[in-house]
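What Swiss-Prot annotates here:
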type    : residues                   : note
BINDING : D34, D88, E160, E162       : Mg(2+) 1 binding site
BINDING : R47, R72, E160, G241, D243 : DNA binding site
BINDING : D181, D183, D243           : Mg(2+) 2 binding site
REGION  : 1-106                      : region 'N-domain'
REGION  : 124-263                    : region 'I-domain'
REGION  : 348-356                    : region 'Interaction with PCNA'
Amino acid sequence: MGIKGLARFLVDNAPKSIQQQSIDSLIGRIIAIDASMWMYQFLAAIREGSQWGNLTNEAGESTSHISGMLSRTIRLLEAGIKPVFVFDGEPPELKMEELMKRKERREKAQQELEKAQEEGDTETIRKQLIRTIKITKEQSDDVKYMLKLLGIPVIEATSEAEAQCAELCKEGLVYGVATEDADSLTFGTPLVIRHLNFSDGKFSDSKGNSKNSLQVIKLSTVLSDLGLSMQQFVDLCILCGCDYCGTIRGIGALTAYKLLKKHKDIETIINELDKNKHPLPMSFDYIKVRELFTNPNVIKAKEFRDKLKWTNPNLEGLSEWLIKQQNFSEVRVANYCTRIKKSKGKTAQTSLDSFFTLTPKKTSENKNKEKEITKVQEVKETISNINKDTRKDSVSEWGEIKTKIIETKEDKLDFERRNKIIQEDKLNSKKEFDYNEKLQCNSTAENTPIIDNKAKVLSIKKRRINRVNYDE
């Protein structure tokens, strides 16, 4: 179920936290996937009669969950994504009441289904069929076995898969979590990815090409836009309604948000509430629910640091299992294997391709900016070349000390040392010339010999060259 009304609330009140992105944004990323969510989608395909709806093995058991999971997983690999599948463990005690309600709803749906079948009401049949879906242990085991044959890591959570995914993401073992349930945010997932199904909507890239669209939600932006702390956000989700407790009548997401902004926490809100207008449900142990969200039963991420490994797929074992035990056609399996082989190493290649080819769409404004940038670069290059030429000329003019461009630290130190000698000699030379000119001005032709300036310059240059050679 997730958090009631949270998705719509975020769209209206924290729109900056939700971004539409192309699947190319996940190239090379490790993504944790809530496996049960995907399995539910493919089992629902049976009821809706889609492309996986009528697939069974020789025993008459549905294989739509296998076919759907295999096909979508290969699509992930072809897109350069590295998936990690996380499966649910034992549900927390606080969820038992919700699970009992779900069981009752399935039983009621089964009764409605039988009635609709008798009446031939196809629309009601379709709706009630979907409501009777329940993932079995055998179906989960099938998918786990298939993923291991593909060489993809599989994690079995101690309790809620979404809590385990959040732990992996918070500790940096995965980039984001792919799920459709909003309570992944409540467990503290920094980045939630929705619609990673290659079918929901399209996204136009910089070149105008239509690509599969993802919805990415950043928790940090959610909190900053709403002006809430993480604990206040958890309280907001509890008040909205979740799988672990009942809801307060008359309080939806927006009302809960306004109350939290005013009173800061659930405790104060409950004390200030008009109990006649907003009676508390029988099961509303918000303290335990808050603890479950903030400190869930998970395997610590450090346990997986050396275990999240992608191995070479066992294509022979996969083919044999699909053909002999699941009644897949040989042609179909051969096609799967070919795609898996081609996807191998896709991550590195697609990363390079995207780095060199993904360029912003050129508009008239962008073109003008590019021209300005080009002009600035040309000016910088011209100045740089002038500086280099000046440096080379000044050095060569004073004894051809160095003609190559300074490239290393040693070259730079050598250049500075030589240049210092040159500057000192220039200064001394100027002082000598000034002194000689002063002598000539203050002396008569009879008592002062004429100084040969040309000879003096040659003498200074010779002395300078000798000093440089000595230093070398």
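Each Cβ is built from the backbone N, Cα and C atoms, and glycine gets one as well.
Recorded features from Swiss-Prot, shown on the structure.
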{"residue": "D34", "record": "Mg(2+) 1 binding site", "DSSP class": "strand"}
{"residue": "R72", "record": "DNA binding site", "DSSP class": "helix"}
{"residue": "D88", "record": "Mg(2+) 1 binding site", "DSSP class": "coil"}
{"residue": "E160", "record": "Mg(2+) 1 binding site", "DSSP class": "coil"}
{"residue": "D181", "record": "Mg(2+) 2 binding site", "DSSP class": "coil"}
{"residue": "G241", "record": "DNA binding site", "DSSP class": "coil"}
How many whole Å apart are the CA atoms of E160 (Mg(2+) 1 binding site) and D183 (Mg(2+) 2 binding site)?
11
Write out how many residues of the region 'I-domain' (124-263) are helix, how many strand and how many coil, based on DSSP.
65 helix, 24 strand, 51 coil
To what whole number does the mean pLDDT across the region 'I-domain' (124-263) round?
88
Are there binding-site residues among D34, D88, E162, D183 that sit within 10 Å of D243 (DNA binding site), Cα to Cα? If so, list them; otherwise say none.
D183
Are any of R72, D88, E162, G241 (the binding-site residues) within 10 Å of D181 (Mg(2+) 2 binding site) when you go C-alpha to C-alpha, and if so which?
E162
In sequence order, the binding-site residues (R72, D183, G241) whose C-alpha falls within 10 A of E162 (Mg(2+) 1 binding site):
D183
Using DSSP, how many residues in the region 'N-domain' (1-106) fall into helix, strand and coil?
58 helix, 18 strand, 30 coil
So among the binding-site residues D34, D88, E162, D181, D183, who's got the most Cβ atoms within 10 Å?
E162
What other residues of the same chain, not counting D34, D88, E160, E162, have a CB atom within 8 A of the CB centroid of the Mg(2+) 1 site?
S36, M37, V86, A157, A161, A163, Q164, C165, T179, D181
